[in-house]
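Per TrEMBL, the features are:
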type	residues	note
SIGNAL	1-33	signal peptide
BINDING	94, 110, 131, 214, 215, 216, 217, 288, 303	ATP binding site
BINDING	131, 303	Mn(2+) binding site
DOMAIN	178-394	domain 'FAM20 C-terminal'
ACT_SITE	283	active site
């Protein structure tokens with residue numbers, strides 16, 4: 001059947017998406033940003049710039065629809081739109097730049113800090129690791145394949161540091177950090193808490209540098225976001241352990257605490273746990289939601305730059321929330337089972353999807369293969385949960401997405 005559908009083409013992510021339609025739970029009663037934040041009633045939405053069409057399409061359940069007509073166009077804009085201004089993003093441990101385009105769209109630029117082949121040194125703590133531009137790109141593609149659609153669109157771009165950063169910035173602090181290296185390459189280092197010094201300068205070849213560009217979410221004046229502390233946050237201390245690391249019944253306490261005592265938030269945490277484990281991302285200390293939608297909305301999967309650091313190691317502590325809670329959405333569980341099948345193997349779909357990015361290859365083969373291995377580990381954990389507690393107590397039927405009939409996870 002697959003050969004007939006595909007003809008002479010390689011396994012396609014589009015075919016995979018067709019199968020997702022079978023297991024997808026229909027989203028009803030969507031509350032769109034377009035209802036309240038449409039700039040004007042006189043201009044058809046089709047004429048808005050792609051970044052604005054992306055913004056007004058955000059709803060209670062996802063950042064964009066599975067077959068969004070604007071997504072591919074927005075990704076192309078991130079790569080091709082002329083950069084008109086650049087400024088450093090305040091806060092954070094590492095340098096990030098805010099880039100504004102000719103069409104007034106904005107994106108967060110994370111420059112390349114290490115090659116694809118470099119692994120995080122074994123003695124590095126997760127909180128002192130580099131943020132990787134290719135991890136941001138790969139996380140966006142993984143999020144789409146998992147059918148979450150909770151990562152803002154990200155594309156890789158080759159940037160001219162002279163013409164597209166130094167010459168267009170009005171940020172004097174950034175401009176002053178540019179210099180020419182002994183190898184005659186253009187370099188800069190900016191200002192930040194950790195890796196912003198001449199010893200950690202970002203240098204071009206001679207002035208070209210790779211980076212990821214993540215589309216901005218709507219301005220906070222239109223769509224305020226609420227920041228939540230991750231219940232399974234790490235201690236960020238070299239010796240101290242977090243409560244969840246020493247208390248095997250920690251999930252019972254979480255399930256009695258708002259907003260995890262009702263609704264779908266606990267299941268969202270389980271989705272995020274699986275997403276982070278597949279990437280090897282240990283740096284999920286906080287998360288955000290759109291304030292407009294209250295507690296019954298999805299977690300935005302932001303800041304994924306510390307994923308894909310080690311392909312040779314599977315950090316099992318990331319899976320602790322899943323081990324302790326033994327809960328998962330049925331749609332997520334079915335999707336993971338599908339991605340474990342040889343004909344829809346996660347690594348193959350990721351490789352094919354990443355071929356579309358301008359910076360392809362985004363991940364080396366060991367990272368792709370590590371995702372298949374980690375997926376099997378996730379399914380093993382869920383299998384153990386089902387053996388112990390029974391299928392109906394582990395796999396949660398996806399909720400009816402209607403505030404009037406909303407049914408949350410069963411808490412035992």
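The backbone N, Cα and C atoms fix where each Cβ goes, glycine too.
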(request) Please give the greatest C-alpha separation between any two of the ATP-binding residues 94, 110, 131, 214, 215, 216, 217, 288, 303, in angstrom, as a whole number. (result) 20
(request) If we count other C-beta atoms within 10 Å, could you say which of the recorded positions 131, 283, 303 has the fewest? (result) 283
(request) Measure from the Cα of residue 283 (active site) to the Cα of every one of the binding-site residues 94, 131, 217, then give the nearest. (result) 131
(request) Identify, in sequence order, the residues in the chain of residue 94 (ATP binding site) that are 6 or more apart from it along the sequence and have a CB within less than 8 Å of its CB; answer 'none' if there are none. (result) 113, 130, 131, 192, 193, 194, 195, 196
(request) Fewest other Cβ atoms within 10 Å: which of the binding-site residues 215, 217 wins that one? Let me know. (result) 217
(message) Mean pLDDT across the domain 'FAM20 C-terminal' (178-394), rounded to an integer, is what?
(response) 95
